[in-house]
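*Asks:* Pasting in a structure now, in structure tokens, and then I'll have a few things to ask.
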């Protein structure tokens with residue numbers, strides 16, 4: 001849902017800008033595709049970190065703060081990297097590609113800012129409804145497995161090495 005909010009904001013600004021700057025329909029299409037992809041990715045990254053912290057026993061506020069602090073900085077770094085890469089298309093000196101790059105970069109900026117601001121707000125509103133239920137088989141499969149003791153070759157290697 002947050003990716004759609006970022007897309008709507010980005011598309012509105014791009015459509016307003018298209019009245020002043022000539023751009024093709026491909027630019028908007030490319031921006032929407034990139035924006036949807038990174039918007040979903042960034043939101044899921046923060047949400048999965050939040051769920052992981054809840055599973056580790058943190059309270060709701062602490063989990064939200066830590067999720068934004070850790071996953072949020074990764075989202076910011078990834079978003080800035082994508083923006084710089086898309087702005088690099090201006091250096092090709094082909095106006096069509098330059099406009100596409102700038103439009104795509106703005107869309108990434110839009111969904112990144114929404115992911116860093118609205119996702120934590122929604123997590124705060126939903127509270128523990130975001131945490132996985134105990135019966136969720138898929139989530140339990142994603143949890144890290146407990147390490148087994150050395151068996152077979154591992155046991156032999158451990159004895160030989162020290």
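From the backbone N, Cα and C atoms, a Cβ is placed for every residue, glycine too.
TrEMBL does not curate its annotations; it predicts them automatically.
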*Asks:* From 98-126, 127-155, which range did TrEMBL mark with transmembrane segment?
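*Replies:* My reading of TrEMBL: the transmembrane segment range is 98-126.
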*Asks:* Which one of 8-27, 28-47 shows up in TrEMBL as transmembrane segment?
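*Replies:* Result: 28-47 is the stretch TrEMBL calls transmembrane segment.
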*Asks:* For the transmembrane segment (68-92), give me same-chain residues lying six or more residues beyond its boundaries with a C-beta closer than 8 angstroms to one of its C-beta atoms, as numbers and ranges.
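*Replies:* Sequence-remote neighbours of the transmembrane segment (68-92) are 34, 38, 42, 45-46, 48-50, 98, 100-102, 104-105, 108-109, 112, 115-116, 120.
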*Asks:* By DSSP, how many residues in the domain 'SSD' (1-125) are helix, how many strand, and how many coil?
*Replies:* 111 helix, 0 strand, 14 coil
